[in-house]
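Below is one structure, written out as structure tokens; comments come after it.
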Amino acid sequence: MGQDQSSVFDLAAVAAASNGGNNDPLLPPARYIGAPQKPSKMPYNKYVAYDKQVPFDYPERTWPGKRLQRAPRWCSVDLRDGNQALVNPMDSERKLRFWNLLVSLGFKEIEVGFPSASETDYDFIRMLIERELIPDDVTIVVLTQAREHLIRKTYECLKGAKRAVVHFYNSVSVLQREVVFRKDKAGIKKLATDAATLCKELEGEAQGIDLYYEYSPESFTGTEPEYAVEVCNAVIDVIKPTPEHPMIINLPATVEMTTPNVFADQVEYVSNNLVPRDAVVLSLHPHNDEGMGVAATELAVLAGADRVEGCLLGNGERTGNVDLVTLGLNFLTQGIDPQIDYSNVPEIRKTVEYCNQLKISERHPYAGNFVFTAFSGSHQDAIKKGLEARQVAADRAGADLDSFVWLVPYLPIDPKDIGRTYEAIIRVNSQSGKGGMAYLLKTNHNLDLPKRLQVEFDKVVQAYADETKKEVKDEDIWRLFKDEYLPVEESGATAAGAVVGDSKDDSLEQWGRLKLLKVSVSSGEDGSDTVLKARILDRGVNVGVDEPVEREVSGMGNGPLAAFLNALSNFGIEASVMDYVEHTMSVGTDAMAASYVECQIGEEEDPQIVWGVGIDTSIVTSSLKAIISAINRSER
């Protein structure tokens, strides 16, 4: 070869020494607020900028002006690339379960293993073929290095298959040419063309198989694009694909080394220089070493890629292969059919975690537990309003809500479309505002609190959150709400949708001086006023200590509320209603109603302003219970 083994390091040392960094005269001066950042102790000078490792510029690029319009062809490599990266590779039971998942999702190309390097893979592929477990519309892909004995064993494994892709590869990068293989460019290219020639010769042993080929210049990102094109075109010339029977040229970002825009430039250059382009399916195999696998893939699709290889939920060597679920659902959010059925992401996650024996992050895109969760108060309020506005718009349009256009703040996708629910969208902690608490009460308990009541109760929730320093769950909020607004009767208060009084909550302390036992409402003799008679239990100021007394009271007024307030004057209570809101909580003859009353209680010089809440099958009774709730709270 033209250079010795150390030459790549000699060149790199020169490049590292010339790294511009902050001294590059083309960089604008640093701008900052306050003190400037201090230099770190990190050994940045030992690293070489990518453009000095693989110099490349492509001003002819056109991809920045394009937009995603359709999904690429997808190929799952979970059973091969994903499997080889596991601490405990899948056994046959797990492999078959994963295979069945991929088929059910609609994958038409599935890389099933490396049969020449793994006896387990070989046996699994034979099982799929011999048991006829491969649907007619699914193509299996088998991987092999560009080495004769490995290629021969690969063909042996495929006997009896209906259709298959033989995927052969060799590394072509600058670093691997000089450090690993110690071959020059011509020698590396010959490895690829020799493998292609052998594949063509072995076609006679693959009678009855609809055979296709895939070639990968491994470590493409560390390779001069011009040389990668040279090698790929040499392989194409041996395989001689046609538009009717194309081959796949696969560009692996075996190691992610640069930004997505540079990768897209490289892909567009290759796409524009493959011959004949109409006989080639240009494929990507991105990894995620720098955390940009999804972005790099999407830009590379704009740049001309037809096909993408990856793993469900991003399993794979080191930081993983690109996540096909994230990619597919990103397309969905742009109004593009991903052509893979990701409608049950929780089930996909369950199967993937079982087969891989690896858990995914709580914040993994789309699949993590927290991805549809808002703790921030402003986020919660925006989501709540967005969901309500969408419901109103759908009703106005007479449209089915499930298919109505999705535009909700902070939620790029409807959780229901991927098998998630709204139950965990809103989570409450000490950083949350009233919107989260109000959303949970409305969604889970059918209680639509007025704004000022939300503000009042939010103080209770925040005090609890500050005290416990934990997430406040729905059951905590409901318990706090009952304790604050719904006096605990002998049989307890219950969640919405059930008959109030059908279960007891022993965790709450009994409170509330007054309890409404019975009420009747009628019109006065002249029909102008309302006459109200009520039987009220007075537990006394010290509930549970004082002897309860039942009292019959009556009052008159302009409506039930005014008449009830008049009746309560018998207890020496001065109260007036400042605001009143009511709504039904369900439908049907036994539907519950909720009433919210803001009361001014006490003398005008020093009044208390408190809210009360009442729930009953009668709207009138629920409103009177709300007044009782407010009075009890004022004396609590």
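Glycine is no exception: its Cβ is also placed from the backbone N, Cα and C atoms.
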D81, H285, H287 bind Mg(2+) per TrEMBL; candidate in N100, N261, N272, N321 listed for that same site: N321
List of residues, in chain order, with Cβ under 8 A from that of H287 (Mg(2+) binding site) and at least 6 apart: P252, A253, T254, V255, E256, G293, G316, E317, R318, T319, G320, N321, V322
Residues satisfying Cβ distance under 8 Å from H285 (Mg(2+) binding site), sequence separation of at least 6: V77, S216, N250, L251, P252, A253, T254, E309, G310, N321
Secondary structure at H287 (Mg(2+) binding site), reduced by DSSP to three states: strand
Cβ neighbours of D81 (Mg(2+) binding site) where a neighbour is any other Cβ within 10 Å: 23
Mg(2+) site, defined by D81, H285, H287, N321: further same-chain residues with Cβ within 8 Å of the Cβ centre: V77, P252, A253, T254, P286, E309, G310, C311, G316, E317, G320, V322
Surrounding CB atoms that lie within 10 Å of the CB of N321 (Mg(2+) binding site), all protein chains: 29
